[in-house]
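Here TrEMBL flags 1-667 as domain 'Myosin motor'. Marked as ATP binding site by TrEMBL: Gly90, Glu91, Ser92, Gly93, Ala94, Gly95, Lys96, Thr97. The region 'Actin-binding' annotation in TrEMBL covers 548-570. As annotated by TrEMBL, region 'Disordered' applies to 982-1036. Taken from TrEMBL, the feature compositional bias 'Basic and acidic residues' applies to 1007-1017. The annotation domain 'Dilute' is assigned in TrEMBL to 1092-1363.
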Amino acid sequence: MTKLAYLHEPGVLQNLRSRYDMNEIYTYVGNILIAVNPFTRLPHLYNSHMMAQYKGAGFGELSPHPFAVADASYRLMMNEGISQSILVSGESGAGKTESTKLLMRYLAYMGGRAAVEGGRTVEQQVLESNPVLEAFGNAKTVRNNNSSRFGKFVEIQFDQGGRISGAAIRTYLLERSRVCQLSDPERNYHCFYMLCAAPPEEVQKYKLGNPRTFHYLNQSNCYELDCVDDAKEYIATRRAMEIVGINAEEQDAIFRVVAAVLHLGNIEFAKGKEMDSSVPKDEKSWFHLRTVAELLMCDSKALEDSLCKRVIVTRDETITKWLDPESAAVSRDALAKVVYSRLFDWLVDKINSSIGQDPHSKFLIGVLDIYGFESFKTNSFEQFCINLTNEKLQQHFNQHVFKMEQEEYTKEEIDWSYIEFVDNQDILDLIEKKPGGIIALLDEACMFPRSTHETFAQKLYQTFKNHKRFAKPKLARSDFTICHYAGDVTYQTELFLDKNKDYVVAEHQALLGASKCSFVLGLFPPLAEESSKQSKFSSIGSRFKQQLQTLLETLSATEPHYIRCVKPNNLLKPAIFENKNALQQLRCGGVMEAIRISCAGFPTRKTFDEFVDRFGLLAPEVLDGSSDEVTACKRLLEKVGLTGYQIGKTKVFLRAGQMAELDTRRSEVLGRSASIIQRKVRSYLSRRSFITLRRSAIQIQSACRGQFARHVYENMRREAASLRIQRDLRMYLARKAFKDLCYSAISIQTGMRGMAARDELRFRRQTRAAILIQTQCRKYLARLHYTQLKKAAITTQCAWRGRVARKELRNLKMAARETGALQAAKNKLEKQVEELTWRLQLEKRMRADVEEAKTQENAKLHSALQEMQLQFKETKEMLVKEREAAKKVAEKVPVIQEVPVVDQVALEKLNIENEKLKALVTSLEKKIDETEKKFEETSRISEERLKQALEAESKIVELKTAMHRLEEKFSDIETENQVLRQQGLVQTPAKKVSERPPIPSTQSLENGHHPNDESRANEPQSATPVKTFGTESDSKFRRSHIERQHENIDALINCVTNNIGFSHGKPVAALTIYRCLLHWKSFEAERTSVFDRLIQMIGSAIENEENNDQMAYWLSNTSTLLFLLQRSLKAAGASATPQRKPPSATSLFGRMTMGFRSSPSSSNLAAAAALAVVRQVEAKYPALLFKQQLAAYVEKIYGIIRDNLKKELASLLSLCIQAPRTSKGSVLRSGRSFGKDSPLSHWQSIVDSLNTLLSTLKQNFAPPVLIQKIFTQTFSYINVQLFNSLLLRRECCTFSNGEYVKSGLAELELWCAQAKEEYAGSSWDELKHIRQAVGFLVIHQKYRISYDEITNDLCPVSLSLFI
């Protein structure tokens, strides 16, 4: 690539892309090999013939290839006696592991003649160790199907003769957390899936099964890989284990441990009998626990105790502590991780000991396969260590390619320009510097038991707040960001502390140390006495840093070679090259910088003696009579005509391409000399070959001509015979096809005629049945209407008589309520103060923009009123103490029992008790005298303040006199209101009239809201609040008036609570509520509780959400009442503003009102008839709030009815997608019969559910627009469920299932037609997608129909939505 004419990023990318399109996936950048992953097999590049070609070839003579890099390192080791290392790097999925395999194959090919020991050669063990380590250390990730989740450095040792004499494998940081935790769509380690796909006898031996049944595997939906057979991989892994020296007994023990890890994950815990204790959850968990104990050959009880208990050792005693279910699950996962980690370490040690290391080895070649730079959405401790490794390797690459290059120029004292490069030493200091690095702070946090990830994050923020490579993300409490050489990565510290700790729980160590299996016992050797009782802290980060330092020391002692692997796309598919992705990887790997440095400097250098010895033959005359090598080199270069070179102290430095030019000229000189020798030899060999070939050709021609003539004759005979056979066969096939066609036509005609006759008979039966049903239904409705009218009349009479009786009873109780007179006066005074405050605030808002003088006067009144409130609060505190004393005395008063009015004896007893009560009240009056005196003093002071407030109030009274005139106009409606109230009362049992609780005697509401200000304006202005409530007669009159209004509200609530039916399609309850509110002027009241009572009543009435009859009844009433309010209420001041065009309806009620106006149904006509009683009023805030709450209840009831229908259909839809086995092919023959055993009974159940709901809604006169919405959304839900089931269940996509679903859809279409458009609306159109899908399934002989015909027939507009 350094020979490109234009060396820049577009040129480099174009070069790589062009070569990639031609399957030339390898490219040189100086001595660095770039390997682009093809994501496909290219076997012609890696066969034995290819290895033979690269054997001994010079670097750069043949096409770029990993074999060339391996051969160059091998030749350099043999020629110069220097150990070599090959660093393979790149991100996950770039092909590092495959490149490493190719390197090891070639090195084994070059040095594979070592002595055979035990039937296994060293190179076989080295190559076969890859499948073993991949099975236990590789897994599928988001970016790669075979990603190495550990780092691997393979040392291949050679003897003096260049043969492989030994090998060793070093591993780094196995991702232990993957054993227990997975994320979709990744997989766990390959060995788990291989074992589940093992032969049946081995699966039964280990008590395994489908991977979907194991908790450690079913956390992801990915169980299989494309083009990978886990059963074959299991056999291959077994074979590889035999080659690397693992015998059958050890293999069995290994897979027993793997199976034990899977069973261990299925142990679940529940709360035990003791507090904070845990036990296995169920019999399934007990089975897996016993299986784990059997596989690990340990005691099941000890295993249970090690998972559910902890032993705490103190100086004096040993304490056994129970673990709760969550802690027990954590202990289970910790045991699984440590067992698998120990198993992996044992495999590596076994492979190393089996291969054997040569202590007398002279040289070695190390192949480093390390994980690439990783940056995911969630980055944990593993990504932190992986990126640290890449930072160290990048620094090593920088030092080798950049620093060493420039230091060489300085040492030789040649002319060159210094080139800057990016140094990442500051990042390494940030991570691993002692004592202030991130790893050091992490180890320090792990040693403190109370440390958490949040405290660790805060420590990092404080320590590195000014570091340029460290940053804290916004809106994050425990995350941190490091600016790596490859980009910024944000790490989540939630699991940093747990993953950094590396120790074995003492109970787990004791359990597995006592195993009867020697293999398991070897995985957990006994610890020292002081460490066996409790676990000591050990840091994975520190140990990993030490291993990484050892690796870099090994690399520094060798001559490095680099292979940069590039992933062309993130889809892992061939023939796709993404420029941005490839360029980012080239920048991160330092390749672009290496290209620039190589071309800007002198990539080729030779010592003087080597240069003269190699290229002296180009100009032999310059060597005559000259012993100075420097002078000879200069004269030789001048003779050749090169420019741009440099002569150093000991070497000749050449520009890029100049060495190739000199080699070309040298080859030309040698070629001319060799051609003379070759010419003579070739002429002799060619003549001898010509004579032999001519003699052989004559003999072959004679034999071939005879054979050809015989062959032509035989073909002619065969052709004549075949023509006769074809004629007879075609005649027979044509006759047979004609007979079959006639028989099929007759059968189809017979079936169609029978089907038409059966349809006609079925239609006549249905018509006769419908007439009979209508007759009975109309008779039932007439009888029901008469019964309801009779019941309403009786109920009204009972309610009226009960009301008269209760009124007489209250008059008798009036004497017993005199003790509350003072309290009532106090409450009245408080409300007067509050109303005065509100009036002054209202006056300030109305008069703020009129004039400044009135604003100042209102401010003064407001300040005076605040002073009065402070004085009133002092009086209130004194009254509270007196009220507490009065309550204590009132508790001693005997409870007055309520008796029926008609009982004269009970009335006499009640009068006696009232006299006793009066005696008690007189004793209390003495105690109240003192309080009254203090109260009168306070009242005098407040009276003066009230006079000033009343002056401002008089102005407001003038504005409200107009309202009195309106009240006089509606006085004649009171009589009509009484009649309507009596008609709307609900039947209440007569026995409950006497059992009703007494109504509180002191009420402050009038018609459910506070008295209007007009009544107060008519009161005498000079009277004080004390005088207003001073007389006993006024108090009694006021209380009886309030109670009468409260009784009216109770009567209204009791009337509309139960179902009182409909009158001429109009809901009686809604109209009764509206007329009462209109008569009581509740819409114009500033403060009222009527609306709250109504809202509570509606909320309690719809508590039973499963009763569709109740929901439909209240849907009709609430929607009608909301429609009346919408037409009646208008905000204050709305009449003064010009009328504007109403906005488009966006809410459910807005669409409903538009439906009322557009649809001429019977219920809409009833709603229109209800408008006859509507008149517009100026609504206050409580009325507007009540309208909003009522609209919310309409939407809620509508949603409840719709969801109830969906729940009822959900269980049936899952049965409607697949036809029963006994009914396949018989749907059309059986017609539309829906018995219990009929295959279409599920569809009939759906139709019955729809008919039931439609009948319920019609009986309750629900608005048709809401009915249309309910069924439209339900049909949309049916469409989505059926279509998704077809997509997700492949076995349902058959012709018979299509016919089955099509017949069910025909029933739904018939229902829509019978329900009419008024109620069904566009419901049938919502099934468009499933109808198109079923239509595709039932197409006969699809292979004969083109794609365009299917498109035009099924979905001519939107077929692309389903592809």
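Glycine is treated like the rest: Cβ placed from N, Cα and C.
Structure with TrEMBL features highlighted.
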residue : record           : Cβ contacts under 8 Å, 6 or more apart
Gly90   : ATP binding site : Ala35, Lys96, Gly372, Arg564, Cys565, Val566, Lys567, Gln585, Gly589
Glu91   : ATP binding site : Arg143, Gly372, Phe373, Glu374, Lys567, Gln585
Ser92   : ATP binding site : Thr141, Arg143, Asn144, Ser147, Tyr371, Gly372, Glu374, Lys567
Gly93   : ATP binding site : Asn37, Thr141, Arg143, Asn144, Ser147, Lys567, Leu572
Ala94   : ATP binding site : Ala35, Asn37, Gly372, Cys565, Val566, Lys567, Gln585
Gly95   : ATP binding site : Ala35, Asn37, Cys565, Lys567
Thr97   : ATP binding site : Asn130, Glu134, Asn138, Asn146, Ser148, Asp369
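All chains included, 27 other C-beta atoms sit within 10 angstroms of the C-beta of Lys96 (ATP binding site). Surrounding the centroid of the Cβ atoms of Gly90, Glu91, Ser92, Gly93, Ala94, Gly95, Lys96, Thr97, where the record places ATP, the chain contributes additional residues within 8 Å, namely Asn37, Asn144, Ser147, Gly372, Cys565, Lys567.
Across all of the region 'Actin-binding' (548-570), the predicted model scores a mean pLDDT of 88. Taking DSSP states H, G and I as helix and E and B as strand, the region 'Actin-binding' (548-570) has 9 helix, 8 strand, 6 coil.
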